[in-house]
Amino acid sequence: MSWTPICDFDKLLPERGVCALVDGRQVAVFRTFDGTLHALDNLDPFSGAYVLSRGIVGTRKGEPTVASPLHKQVFSLVSGVCLDEKDVSVPVYPVRVADGYVEVSV
Amino acid sequence: MSRIVVVGYGPTAHRLVETLTSKGFDGRITVIGEEPRPAYDRVALTSYLSGTTAEDLTYDVPAGTVTRLSTRVTGIDREARLVTLSDGGTEAYDVLVLATGSAPFVPPVPGAEHAFVYRTLEDLDAIRVAAKDAVEGVVVGGGLLGLEAADALRALGLKAHIVEMSPWLMPRQVDEGGGAVLKQHIEGLGLGVHAGAGVKEIVADENGQVIGLRKPDETLLDAQVVVFSAGIRPRDELARSSGLEVGERGGIVVDSAMLTSDPAIYAVGECALAGGMIYGLVGPCNTMAEVAADRIMGGSATFDGADMSTKLKLLGVEVAQFGSMTGALDVTYMDPVSGVYKKLFISDDAQTLLGGICVGDASPYTQLRPFVGKALPASPSDLLFSGAGANLDLPDEAQVCSCNNVCAGDIRTAIADKGCTDVPGLKACTRAGTTCGSCVPMLKQLLEKSGVEVSKALCEHFTYSRAELFDIVRVRNITTFSQLISEHGQGRGCDICKPVVASILASLHNGHVLEGERVTLQDTNDHFLANMQKNGTYSVVPRIPGGEITPEKLIVIGEVARDFGLYTKITGGQRIDLFGARVDQLPEIWRRLVEAGFESGHAYGKALRTVKSCVGSTWCRYGVQDSVGLAIALELRYRGLRSPHKLKSAVSGCARECAEARSKDFGIIATEKGWNLYVAGNGGFKPRHADLLAGDLSTEELIRTIDRFLMFYIRTADRLQRTATWLEALDGGLDYLREVIMEDSLGICADLDAQMEYHTATYADEWAATLDDPEKLSRFVSFVNAPGLPDPSIVFEQERGQIKPVMVR
């Protein structure tokens, strides 16, 4: 598995996302309140726009989530499954912190 | 197969046919009515003058029922069991039901032929025509219907007078003390009250045009429209001519099964004399119809008199009466300052509640009517202070809905066994609350007491409504989301509660919306201070206060749009929207705009958008005030004010209303003397004309009133509730709003004023502040690992000389 560094961990605000371009793929990376990282594909499957990194981060019944900024469908940050329409999901990617750097693998 | 013929097609006939049909009656039902339409809701008759149509009021004809409209029954052949009709036809019956109703009583005074009555839609049509050229109107009769007729005349723009024979108004519902308070209310609305007065003659000129009403003391009351509402007389002429037994003073005599002296003929409603009484209220008439239907189907129901309790709101005054109007003991609460009069009648041992009268505050009616004839649930003085009775437990047999005879036990069964969880469900299941609606508060109370949660929780993270959260944040001076959710919520929030809290914090504390933790709460658009469009790009709207802009500034907007390749469009709010900006372009675009003197237009926020204006007295030959100047002042005053939903405004310089102010959350229309303020208008999905809150205000009064209106709305509205729906849901409506913000009835005006003062003093343009903050600016990138790189997924093509987005996957 090859890891691509994208930014300093400190660059990520708690409960907000950023977007990174990795091998031509748009990856949305989120830092939750407790410092856990999650990476999803940035493409919102409902609207076809690359915007998921700009959604609101929160929880649903304890599960960390992001809501699409366009039409508010909520996705699990853990599984990528849309919690409002369970047969829709977005890819999730491995993400880690190494030497204070956030790295993703696509 | 049995054949039922119903004579008369009013609400009672409708209830009879409906009951038969719903009980599965399989014979033939024919209804013969003299009016040109099926039965309609007479309780809501007055709403016909304010826009409700005849179709809205008319009941659906139950399936399978044959109707013969515009047809009178001219005779009954009881031997042959058939009725003869005005069109020459006949109709045979096995069972005949007389539901011929009543006619308004017109006293035999000279000139009475020039007066109107108030009973049918046609009567209202005629009154409406006559009111067109009239200035003053008189209603003869100060009872329930008379007051309603007076309200109708007032709504038609007339100065209305009420003439009542008795020494006070509504003598059947209130006693002398209540009458005095009622008079005070009604005179306060500008109506003339002439109690203890009779009518000598209706005076008309030689063309038959009414010029006034002469009282027995010879004084003449000027009026061009006179309406009689002096009681009803049962329509018993058909029964009389057919040899059925009728009462000495009218009414078809019936027994407790609603049968007349002919066992094949029933009589129900206002034409029936049951137990020596004529009933003119919808509740007892419905019960009679149900009893007759039950009997026709072989049942054994009886009508043993009815509760004549009444609760109504006439001319904005609540009046209610329940149970008896006399008793060995009585306890009175009277507050002439706020116009409230409440009285309870009690048995001589002070144990049993016998009845009550309320004027100005009908809460005892809702709370205590079910206790009539039963032990007093608390001391009379406790019960008379408002709210004291709110938590009483109703006995199962207590009647909740007198129109449809539904008891508390029926409601409890519907909740427990039939799964009703809300008021609409209870209405559908039990019919309670479907006629006059006065028992709806009691339905809510029963729901709450049965443990059905009427949830007002914002989302799974907060059990509070937005208004409650607002108070928590305000009173405890909470400044962060984390503090609020750890102390008053659970989990870490979501796309519903976070923007709500962001908005509350912004309304209360101002400060930059992207500062610290607040950046994580902001919805899509606030997050980048721009409006996200379908392809993930943003549109930019600089503020153009009042829609006034210099040529130099117009040129800057054009240059920015050209240099960044943006699509431009004029908005509905008199400004210019620039579309197609990538997130990384926003700071550069705004640097140019801020340098030229522009500020954020908050098109992205739940906040004040624009104050639109017409050109006003400066240029327009019709304008009476400087609408542009006021619009600019208002837009600058309220810019940046975060609220539960977007706020729009407009100022028109004269009554021609070119700025369309009455479609706005707050709209101002110039008058010769100042400004009229309209509130709670809306365009959008469900348009609503704004209501006049206050007229002829000075500029200073106007601004103070808008300040308070906005702050009160911001404090109390629900999430994403526009002012239109907020006002419609506000208990007490416009009158209450006026009391709160113009008369300071809650004592909060100083607070509201201070809050607005704080807002205006601390406002700062959030785009200029963002440009000065490198940390905030660093977030405006498409890719965190390639800050200079534009998003390759954003593609445009050309249309009519400008860009448009292309969606690529």
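Glycine is treated like the rest: Cβ placed from N, Cα and C.
Annotated features, as they stand in TrEMBL:
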- B:CYS614, B:CYS620, B:CYS654, B:CYS658: [4Fe-4S] cluster binding site (BINDING)
- B:CYS658: siroheme binding site (BINDING)
- B:3-272: domain 'FAD/NAD(P)-binding' (DOMAIN)
- B:533-595: domain 'Nitrite/Sulfite reductase ferredoxin-like' (DOMAIN)
- B:605-743: domain 'Nitrite/sulphite reductase 4Fe-4S' (DOMAIN)
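Sequence features, as recorded in TrEMBL, placed on the structure.
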residue	record	Cβ within 10 Å
B:CYS614	[4Fe-4S] cluster binding site	27
B:CYS620	[4Fe-4S] cluster binding site	16
B:CYS654	[4Fe-4S] cluster binding site	19
B:CYS658	[4Fe-4S] cluster binding site	18
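In sequence order, B:VAL615, B:GLY616, B:TYR622, B:GLY623, B:SER627, B:SER652, B:GLY653, B:ARG656, B:GLU657, B:ALA659 are the residues of the same chain, not among B:CYS614, B:CYS620, B:CYS654, B:CYS658, whose CB sits within 8 A of the CB centroid for the [4Fe-4S] cluster site. Here the domain 'Nitrite/Sulfite reductase ferredoxin-like' (B:533-595) has, by DSSP, the following mix of helix, strand and coil residues: 30 helix, 14 strand, 19 coil. Confidence annotation: the domain 'Nitrite/sulphite reductase 4Fe-4S' (B:605-743) carries a mean pLDDT of 94 in the model.
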